[in-house]
Amino acid sequence: MSPNQSIIINFLLLILVIIQQSVSSQKQTLKYCTINQNELNKCRDWSTSVDNDYRFQFHLECIEADNKDHCMQLIEIQKAHLVSAEPGEIYIAGRYHSLVPIVYEQYGSGGGSSTNQSNTGYYAVAVVKANSYTYIQEPKDLRNKNACFSGVGQLAGWILPILRLLELDLIDTIDCNNIIQNAANFFNESCAPNALLDKNNPIGTNPQKICQLCESKKCSGNDFYANFEGAFNCLRSKGDVAFVKHTIVDQLSKIHRIRRQDYQLLCPNGDRTSVENYLNCNWGFVPPHAILVSSVILPETRDKIQQFLLDSSRIFSLNRMDPMSRQTPSSFNLFDSFKYNGMDFIFSDETISLAPVDRYRQTFRGYFSLFNPFVDIENLFGKLRKCNVPNAKLCVVSEEEWKKCNNMKSAFRTNMLQPQLLCVQGLNTIDCMQKIQQGQADLTVLDAADIYMAGQQYNLEPIMAEQNNLNDSYYSVAIAKKADLETDLLYLKGKQSCHSGYRTAAGWIIPMAFLLSNSRMRSYRCDPVKAASQFFSKSCIPGVLAPEYYPLSKSVWQYNNLCNLCHGNSYRFCRRDSSEPFYGDNGAFQCLVEGGGDVAFAKHTVIFENTNGINPEYWARNKYLDDFELLCRDGSRAEVQDYNRCNLGQVSTNAIVTNKFKPYYQKEAYITLFIYAQQFYGSKYSNEFTFKMFVSGPKYKNLIFQDSTVKLKTVSDDRRDYRKYLGHEFMTAMSIVECQSRNHVQSLMTKSFYLNNFYSYFSLLFITIIFHTIFFLIYNY
């Protein structure tokens with residue numbers, strides 16, 4: 001070849017390369033998500049093969065993520081387009097990330113007859129060593145044995161075997177919301193890849209032994225013992241049982257020196273058999289793996305991506321080599337992973353082709369019904385949350401709390417949290433206490449003063465406490481406007497007061513205890529309501545006139561000045577719940593701001609929650625921290641930030657209470673329910689469509705939980721007695737305010753009882769005399 005010819009040929013090749021690159025640059029790009037270096041290498045070879053074939057209208061780009069969940073997240077935010085998934089992952093991807101299947105794998109016979117389901121799926125099996133017959137003869141013998149799983153969440157290698165063990169009552173339910181912890185309690189050391197991922201270990205309680213057999217301490221989906229090949233290798237080296245697909249022994253026997261006769265299948269019915277007898281000895285049928293895309297992709301575009309995958313299957317498969325293609329037996333094979341040092345990278349190695357998923361089947365529900373129309377996949381996964389605890393009935397007291405409770409119930413159900421939350425509406429807080437005592441409800445959230453009553457009269461105890469920035473306590477403070485220099489804590493007689501509520505800790509008990517104990521207020525023989533009525537000119541003390549709190553019949557209305565500042569309409573006026581606008585700490589502060597109050601008694605956090613633009617409501621606009629001051633015990637004033645020094649007393653936070661006579665395991669189930677729930681819904685800053693446990697919305701504050709709550713914390717066993725939870729300081733304050741007031745009320749009620757009985761007796765006697773008189777007159781007539 002002459003030099004001139006060589007130059008011409010090189011020039012033509014250069015032009016061809018430029019043209020090819022130009023064509024490639026005009027193609028749409030699909031990003032395929034891989035999870036390890038071997039997958040990435042195979043994907044890049046696939047990408048190169050696609051670019052070398054003019055028939056493809058897409059360019060394939062390969063990216064690497066940490067794991068399948070990371071891939072799902074990337075696809076959800078459209079930073080990737082494709083990922084392969086086994087059926088358990090298809091469910092998770094569809095339910096939580098809105099991904100849909102568009103093609104699925106088709107397999108060979110898998111060593112079985114052509115009439116079985118092996119070409120459209122595979123079977124989950126439990127493989128044991130043949131020489132283990134002496135100590136593993138049936139499923140119950142797996143207790144305290146070493147187990148190898150393909151991965152947490154995978155259908156064949158986790159879901160189906162765990163479900164069977166639950167159905168056989170072999171796995172005990174320790175935690176209703178954590179099957180991993182329950183499984184770890186059944187087996188000895190295991191390798192369950194992904195068991196320590198945040199989504200599978202939300203509160204960090206999964207024991208390390210569930211990953212003890214894994215090669216890496218991270219226990220990730222990329223572990224050497226992950227997936228079916230890894231789980232079988234785990235069995236060979238360390239395990240007693242491996243939960244895998246039925247073809248794994250046959251596959252590995254062709255690659256490694258593995259003898260089939262060295263392994264057997266353990267059947268759910270208690271038998272053992274050869275690995276070839278999987279049709280009669282399996283733990284369930286598993287649909288094929290699929291390729292997923294985001295559901296936001298238009299159907300027309302999905303069709304094009306689907307065709308791209310089908311073309312790849314046809315062109316890059318040794319099983320169905322396209323005679324028109326330039327591919328040769330030595331070229332890239334989509335369904336072979338041997339050259340990448342492993343098995344089943346991107347696609348399963350037994351795959352012979354890909355098949356399309358019809359549009360109307362492109363949901364996780366539709367996909368599973370394609371292979372087994374009688375299986376409810378959501379119910380299948382729900383059975384993993386086996387829970388022996390009855391539904392948890394939460395008692396609330398207002399329409400707004402009822403609505404929030406039902407939203408919370410729906411949110412909990414979305415993440416299948418157990419026991420299921422139900423909502424019960426009580427007439428008031430005392431009614432909720434009675435309902436719990438009588439078994440009509442299980443839980444309610446109470447203020448410290450209500451916890452006192454609940455413990456003393458209804459045998460309830462706190463099990464979870466709200467935590468704010470001060471952990472599990474807050475300060476009761478007296479708040480005044482900075483411009484109002486005449487208001488002094490030691491000289492409040494005749495002033496107008498705003499309280500969070502009658503018999504609330506920060507708004508009533510603590511300030512009243514201070515005023516009474518320092519002789520600033522006359523006690524009126526320990527009748528605090530009368531004392532407050534005579535001391536303040538006007539007030540808003542929600543609930544003070546309610547008969548369930550102050551049952552003094554008609555005489556209570558002489559104290560109606562204690563409700564004069566309240567703003568509720570109709571029957572909502574001065575009610576001790578959120579239907580009264582000035583109820584609660586926020587309500588007391590609003591009463592101070594726009595309701596005519598001179599002083600507000602509330603918790604210290606309320607000022608920070610409603611000033612400096614934090615609260616967008618009209619009444620709180622243009623209100624700043626500097627507009628208010630705290631009234632101190634010595635008569636001085638302080639900046640609102642100085643609440644540590646200038647306060648009326650420290651109070652334990654609100655708490656979830658339940659009947660103290662409930663079984664211990666039920667109380668623990670309630671606690672874990674809310675611990676898991678706050679992992680999902682405890683953030684105040686998640687997107688606007690996510691339920692927030694500690695946010696009440698724009699119009700209302702402190703519904704069920706206080707809005708200042710950061711998280712819920714378990715109350716230790718030794719603090720669950722209400723007296724220990726509330727502490728000596730608060731118990732002293734209660735004794736000052738209540739002292740003989742309870743006896744006073746009971747005395748009045750007793751007098752009323754005898755008086756009513758007297759009237760009843762007199763009325764009956766009068767009617768009897770009239771009757772006898774009429775009878776006598778008729779008889780004599």
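Heads up, residue numbers simply count up from 1 along the chain you see.
A Cβ is built for glycine as well, from the same backbone N, Cα and C atoms used for every other residue.
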Further Fe(3+) ligand in TrEMBL, beside His289, Asp447, Tyr474, within candidate set Tyr122, Tyr123, Tyr133, Tyr135: Tyr122
Separation of alpha carbons, Cys540 (disulfide bond) and His289 (Fe(3+) binding site) (Å): 65
By Cα-Cα distance, the member of binding-site residues Tyr122, Ala156, Gly157 nearest Cys219 (disulfide bond): Gly157
Spatial neighbours of Cys591 (disulfide bond) that are distant in sequence (at least 6 apart) but have CB under 8 A: Cys498, Cys540, Leu565, Cys566, His567, Phe582, Gly597, Ala600
Site of maximum Cβ density within 10 Å, from disulfide-bonded residues Cys43, Cys148, Cys632: Cys148
Nonlocal neighbours by CB distance (under 8 Å) for Cys563 (disulfide bond), same chain, sequence gap 6 or more: Ser539, Cys540, Ile541, Pro542, Val544, Leu545, Phe573, Cys574
Integer mean pLDDT for the domain 'Transferrin-like' (30-382): 91
For Cys234 (disulfide bond), nearby residues of its own chain (Cβ under 8 Å, 6 or more apart in sequence): Cys148, Cys191, Leu213, Cys214, Tyr225, Ala242
Cα-nearest neighbour of Ala506 (hydrogencarbonate binding site) within the listed disulfide-bonded residues, Cys33, Cys405, Cys423: Cys405
